[in-house]
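Undergrad: I grabbed these lines from TrEMBL:
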| type | residues | note |
| --- | --- | --- |
| DNA_BIND | 16-55 | DNA-binding region |
| DOMAIN | 79-180 | domain 'CoA-binding' |
| BINDING | G90, A91, G92, H93, L94, G95 | NAD(+) binding site |
Amino acid sequence: MADKEISQAVIGRLPRYFRYLGDLKEKGVERISSQELSDIMKVTASQIRQDFNNFGGFGQQGYGYNVNYLYDEISKILGIDKQHSLVIIGAGHLGKAIAGYTNFTRRGFVFKGAFDCNPELYGTKIRDVEVRPVDEMEDFVRKNQIEIAVLTIPKDQAVPMAHKLAECGIKAIWNFAHVDLEVPNNIQVENVHLSDSLMKLSYNINRYENT
Ligand code: NAI
């Protein structure tokens with residue numbers, strides 16, 4: 001656990017910094033000032049400095065930031081400098097799409113298993129991983145020390161499934177079902193609702209049209 005409690009707002013901004021730094025790295029940029037980063041990312045330089053000060057600052061005043069170093073440090077903070085194993089529960093449209101996205105693997109999230117309750121899906125493959133009966137999930141998670149479960153099942157199934165996952169030692173749930181999950185404190189949950197983002201877009205369409 002970190003020594004100092006960092007706000008979730010700061011943590012929420014780190015992946016974006018990480019993405020931009022990845023692009024800069026690919027372009028061969030070695031150093032960048034907070035002002036230059038601010039111009040590209042459209043956030044204030046003072047916000048960037050404040051965010052980075054939570055982690056000791058990362059850079060020398062006047063010299064700017066070393067892109068490679070900053071990229072590596074943020075990846076360590078985000079814990080993506082190591083691998084995390086994950087399983088998909090619910091091998092339907094969304095489950096298949098997530099499991100099929102190879103870029104998550106590139107980031108260190110290794111897709112190890114897929115489970116469903118529909119016998120027609122048993123034995124079918126997503127990438128090279130076989131869909132198994134959900135009854136085998138608990139054993140599999142324990143034996144393979146799976147860290148993350150991706151929940152892509154209907155919302156009425158998600159709560160009992162989260163309880164089962166808690167019992168078999170899962171560390172985190174990436175929840176796509178439309179329900180707020182209550183789990184013990186030692187399990188991390190991240191709820192993802194694409195529709196929230198779409199509604200925000202809709203709001204902005206309205207606002208633009210009415211100005
Ligand atoms: P889908 O019907 O294609 O897939 C759901 C799969 O879950 C099916 O294969 C079904 O057999 C399986 N399933 C149902 N109960 C299960 C259980 N107890 N254990 C194991 N497998 C079980 O549905 P789709 O489109 O993939 O959506 C999945 C879920 O994700 C739905 O709850 C949907 O509302 C939600 N969703 C959430 C989004 C978000 O942004 N959070 C976006 C799209 C869908």
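Placed from the backbone N, Cα and C atoms, the Cβ positions cover glycine too.
Because TrEMBL annotations are produced automatically, they should be read as predictions rather than curated entries.
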Undergrad: Would you kindly list the residues that approach the DNA-binding region (16-55) from elsewhere in its chain, counting only those six or more residues past its ends and only Cβ-Cβ distances under 8 Å?
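TA: Contacts with the DNA-binding region (16-55): 4, 6-7, 10, 63-68, 70-71, 73-75, 77-78, 80.
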Undergrad: Using a 10 Å radius around each Cβ and counting other Cβ atoms from all shown chains, which of the binding-site residues A91, L94 yields the largest count?
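TA: The most densely surrounded of these binding-site residues is A91.
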Undergrad: For the domain 'CoA-binding' (79-180), what's the mean pLDDT in this predicted model?
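TA: Mean pLDDT for the domain 'CoA-binding' (79-180): 96.
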Undergrad: So which one is it: of the binding-site residues G92, G95, which has the fewest other Cβ atoms within 10 Å?
TA: G92
Undergrad: Residues near the NAD(+) site, G90, A91, G92, H93, L94, G95 excluded, by Cβ within 8 Å of the Cβ center?
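TA: Close Cβ neighbours, site residues excluded: I88, K96, A97, I98, D116, T152, I153.
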Undergrad: What does DSSP give as the helix, strand and coil breakdown of the DNA-binding region (16-55)?
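TA: Each residue of the DNA-binding region (16-55) counted once, the result is 28 helix, 2 strand, 10 coil.
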Undergrad: Neighbour count, 10 Å Cβ-Cβ cut-off, for H93 (NAD(+) binding site): what number do you get?
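TA: Around H93 (NAD(+) binding site), other Cβ atoms within 10 Å: 9.
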